[in-house]
């Protein structure tokens, strides 16, 4: 076939361009293979830069998808499909046979006859003794003093090397209804024993994430002496119900709303988060809250019948980590 010199030149130029494109592609493939991950980049600064770029791209894609879905929902109006509920460990929780309904007659009967019924019927006022392990350090002492400002009618006493079995009869003789012991390890509070007097039960908790008032940002002024309101969240099982009532009985059952103070025990995945707030009504719809402190997290270790007895005490429930924590979606409280 005869081809003019111009046509031959064009063809050779086109072939050269194709070869160059192919070479670029092979180079790009060599540089970024299909299974490329940022962790393969050896240079730390380069790796961090690439990671941040990938993160930004993903975020942009997520925002665009969100906007697109929103437009579709607005266009469809009432015919729009219901919003998807995100999967969380809480809503995928394995059903517990001991889950209780507060309105159940059996539960109401138990509440009317248990150790805490006198508080909720207004026959007894709580009186709490707070003490520590032997020779406490400054942080633990401050934590006890701040707890005493949160719990009305609470008194802080130094331990003086006395055994708990000797302290408990003295507390009962002086009409204390609770004994709270804060244990420490390496100058940090790490445990709490809460003993209800005179007949128990006794709960032992691990304490973590303690933040004193001084360490908190944007905290409010120190709490007043008004009785706070108490909020108990997500104590749904039989054991959780008992622990919730144990905490509720620490506080008087006639809150003084003038003080606008709230103590919250929020149970999430068997961790009990304590927060202490003051609230203010800005208008009919908006409420402002201000954290007063301290804040800490509790994890139940054991629940014992009767008062504290480490040798011969009868335990209602003990945390067995390897058995109970095997399934992430099963909770005890």
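Placed from the backbone N, Cα and C atoms, the Cβ positions cover glycine too.
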Stated TrEMBL location of region 'Disordered', expressed as one of 56-84, 85-113: 56-84
Taken over the domain 'Brix' (126-309), the model's mean pLDDT: 92
Cβ-Cβ under 8 Å with the compositional bias 'Basic residues' (56-71): same-chain residues at least 6 beyond its ends: none
